[in-house]
Structure formats: C-alpha cells, structure tokens
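Taken from TrEMBL, the feature domain 'ABC transporter' covers 348-595. Residues annotated as transmembrane segment in TrEMBL: 31-55, 67-87, 158-183, 253-273.
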Amino acid sequence: MSGAIRRSLAASGSAVRLVLRASFKASPGLAGAVIVVALVEAALPVGLAWTVRTLVDGLTAHDTGRIRLAAIAMGVVGLCWVGAQWVSMTSQTVLEERTDHWLEQRLSGLVHEMPDLSVVESPDFQDRVFTLAGRPRHLVGSITTIIETVALAVRFGAAAVLLAFVAPVLTPLPLLVLLPVLASMRAEREISSMLDDISAPMRAARMLFLAGTEPGPAGELRQYGMTGAVADRQDELLRTADRRQRLARLRTGRIMTIGWTLFAAGVLLLLWLSRDDPGVRSGGVVFLLAVLAMQLVAQAEQAATTFSKLSRLSTILERFTWLERLVEQSGDRHSGSATAPAGLRHSIELRGVTFRYTPDGPPVLDDVSLVLPAGTVVALAGHNGAGKSTLVKLLMGLYRPTAGQILLDGVDLVTLDHHSVRERLAAGFQDFCRFELPAGDTVGAGDLPRLGDREAAAGALTRAGSADVIGRLADGLETPLGRSMPGGALPSEGQWQKLALGRAMMREAPLLRVLDEPTASLDAESEAALFAGCLEVGRADAAVNGCVTLLVSHRFSTVRTADLIVTLRDGKVAEVGTHEDLMATGGWYATVCTMQAADYA
Ligand SMILES: Nc1ncnc2c1ncn2[C@@H]1O[C@H](COP(=O)(O)OP(=O)(O)OP(=O)(O)O)[C@@H](O)[C@H]1O
C-alpha cells in the first residue's frame, strides 16, 4: 500500500473518531441508536440473497418446507428493511443537525479561545480558518457517511462469506470494490489540495468584494476611480481559482476512470475463471450470484462515493484537529495558574523584551527594558510604526514576547492565568470595535458582569468626558446602534470612539488602563474633556490600587501632563523622563513638542 493511501486511511480513521466524538457529544442516545439500526440494515441484503437462493432451490426441488421457510424469511427481511429505513431516516436527520450545530459552535469557540492574537492575525491562520468556515455544513451527513462505510464493510464481508460457501472461486469478487474506492480516495486528495491552493485567492477576492460594499472603503474606491481595477483584480483572482479547480477536476476524472476500468476488468476475469466451477451450477446459486452481482455494482458505486465523502471529511476534520491542537498549545504557552493580583505595589516592567510577528520577520520591538511605576500616568510617543501599539498588546497579554519578560510587581505575566489578568485590565484600542448593540451594552461590554448596568455605563462615559454622546441618541443608552440592529442609529466615527472610551472606563481600579490614540476621531473640545477625565480617573485609581495609566498619543499638549514620558524609535526605547527632563535633553521629543506648540500658537 502506498504511503499516500496509508496516510489517507489514517486521516479517514481520525475523521471517523472525531465525527463519532462530535455525534456522541451532540446526542449520545441518538448516535447509539443510529449505529445499531444501520448495522442491522447493512446485514439485510445478504439475508435477502440467502432467501432468494432458498426460494429458487425450493421451487426447483418442489420442496414445500423450503419454499415456506423462504417466504417467511422474505417477509421478516422486508419488515426489518422498512422499519430500519424509517428509524434511520428520521433519527439520522436529527442527529446530523445536532452534530452540525455542535461542530459550528466548536469552530467559533476555538477561534475565540485562541489567546495569541499574533497567531489569529497571521495570513496562514486566516487562510486555514477561511477554508474551514462554513464547512461544518459539509459535515451534515458525516455520521451517515461513517455509518454507510461501516455498513458497506459489513455487506462486503457477508457477501464474501456467502460466496466462499457457494462458489469459492468468486470469493475475491467483493474485494474488487477496493479499486474504485482507492481511486476515489486518491481523487479526493487532489480536490483537497486544490482547496488549499485556492483558499488564498478566494479570501483575497472576498476581501475585495467587502471593500466595494463597506461604507468606508467603498467611498474611497469610488473617489479614486478604483472600482474598475478592483473588479478586474477580483475577476483575475476568481479566474485563477477557477482554473485550478478545473485542472483538479480533470485529474480526478482521469483517476476515477482508471479505477472503474480496473474494477470492470477484474469482475469479467473472475466470472470467466468461474465458468467451469461446479458450485455455480445450481439454479439457486445462479440467482444468488445475479442478486449479489447487481448489489455489488450498486454498492461499488456507493462505496466510491462514501469513501470520497470520508476523505473530504477527513480534510475538514484534520483542520479542526489542527485548530484544537493550536489553541491548546497556545493556551498552555499563554497561561499560568496563579491569579493576577488586585493591585500593584511597585511596577509593571518590561525586561529585555523582543517581539517578532513571524519567526523569520524583523524584530518590531528590540530588547526593550522599561519600568512603569505603580500609580503613574505614563505617555508613550514615537513616530508611525515605532512599535507603540505592539507594546500595548504585549502588556495586555494579547501577544507573547519572542524573548524577555513582562513582570507585574516582579511576577512574570506567563505564570499568571491569562483570564484573571485580562479581568484586571482595561483598554481603549486604536482599532476599537463598533459593537452593534444598544448603546448602554456597547459601553457596558467593558465589564461584562455589569453589561446591563446603565448607571455604571453612564458613569463610565462621564469619566471618559464623553457623556454628551448619549444626549444625541434618540433613546439614550437604550438606542440600538449600527446597521445590523433594526432601526439602529448610525453614530459618527467620533461618537463610536467616545463609546469605546466609555467602555475603557467601565472597570474600576484595574492594574493597567491603556488608551491607545484615544483622540484620533475627537474634536478639540472632546479631546480636552477626555484627557482631563483620564488624568482624574488615572490618579483616583492609582490611589486605590496603584493602577498604571498608559496613554499612547501623538498630541504632545496632552503627553506633557503625564508623570513619565517614553518615546520609542524603531522598536527601541529612545527617551524616558518627565516633560521637563526630555525638553532639557533636546532630543526627538523636544523637537516635535516645540514644533507642535508653534503650530498651535
Ligand atoms: N499583525 C501584524 N503583523 C505583522 N506586522 C505588524 C502587525 N502589526 C503591526 N506590524 C508591524 O509592526 C510595526 C509596528 O507597528 P505598530 O502598530 O506597533 O506601530 P505604532 O507605533 O503603533 O504605529 P502608529 O503610530 O502608526 O499607530 C510596523 O512596522 C507594522 O508594520
């Protein structure tokens, strides 16, 4: 057996295990019942062949006893057949639906459980999840496929035993079915490698389609007259995918033709070899062979289809297993068992932290050592691409350092349970999320146990200097937001940002509150209110538990009010000190600060 076929069979084996696990998790009773009924159903064709033989032999020998026995057996087989079909049809459909649901939920659960954001952001991960998304639908019928496979094996085994008794020379006949089956498995491997091949162009085409339909990019594409070019590129990508698909289908067609030709040749050869076998002379045996031969051809076709479905299933499930393993490994790497402390006494420290997005990529942060003292407001500045947002995400535990450590009061972040750490952090991200929910929930999501607490949401917006946003919504905090909500209001960019800032203020006295470029979409008045609010909250929280407030900003009128200013340059710490310290050294900070002050003057 070739290595490829062996791998195919091994993959099918793990697919069977995973589907059985999914089916039994989804509905143990139904899964058990479906399997038992399917096995009974599988044995029935052989029972039928035997009753036909008994009937014909009874008729030839004028043996009333045998004819009566055959008639009763035929009635029993028929009844069992109808009963088994009815039970399997109704219960299989319900089981398939439940299994499908279980797998869909598992898939989204796995993607959301992945703690390492740098993995989720990687194109390889996105390509693989893209080929998986929506595929659980393809798994509908997966349990049926497996049952059919087992049933076929039972049928072929029983047919071989029967033939061994009545016409030994024909015993290998059922084995010939392996030829189209192996061909179909080979063909399926072609299809699955083609699916891998087309996932990148298909994902790119999908992104171009979305770019043309989503409000922001759609406007820009029209403005620059790029819609034609985008449509052409999308067309080119789809054609590439289509070409690869057609070539793969041609190859699979060729493989299947070879499999079926060999099968037909094998059947003819065996029949020719059995022409003088005394075992095939009785009328009953000729009928039995005719029934078996008809069943064999039908079942060979079914077996080829079933095994090709099984191979397809194994490709999809192999990705599930890959994702499960990745999440498990990433979870292990990310999470210790100790609970995060409620407060900080000394500092949050980065010690020799280096970070690369990909193992062979350049370091985005290079040997960064930095102490953020407990109870301070720290400002982080630097030119575009210096690594500020990356550093923020490392501090939030969303990425893991490639080298070095992040310490909370001297305790390495990796030794702490990441769920407990996240519960003690608050953040307003640069690429904030527009949660399309009632406005109160959009803010309340910043502290899930208080999601529906409107008083807390209103307080958080006030602390963020953003209370005015609610006055502009028809139903205040109850106003549904976004296109996906019926009658949803459409907040402006700045209003969305204010809601996100309110979210960042929901948790009281976290260990670290990060505000990454929180004013990009705000007007000057709102910006001033926000910073005043942030400083007040930062200092109040600092007094409670030593919370560190980290503010990333390009606006130095605000940065200057921080207790400590850090500037980054090309992934390294360039300057650290108070506004006065940095102005005195006359470095990059002093230059930009003076320039901005002159612009405002
Ligand atoms: N998910 C990612 N995968 C690969 N590279 C990334 C990713 N995110 C950021 N980078 C790269 O890391 C570098 C630092 O990016 P980062 O967003 O941290 O900079 P920044 O200082 O926050 O910039 P800005 O002021 O423009 O927001 C950039 O060169 C960027 O291209």
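Yeah, the Cβs are placed from backbone N, Cα and C, and that goes for glycine too.
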For the transmembrane segment (253-273), the distant same-chain contacts (Cβ-Cβ under 8 Å, at least six residues beyond its ends) come to 169-170, 172-173, 176-177, 179-184, 186-187, 190, 293, 296, 300, 304
If one takes Cβ-Cβ under 8 Å and requires six or more residues beyond its ends, the residues near the transmembrane segment (67-87) are 33, 37-38, 40-41, 44, 47-48, 50-52, 54-55, 58-59
Averaging pLDDT over all residues of the domain 'ABC transporter' (348-595) gives 89
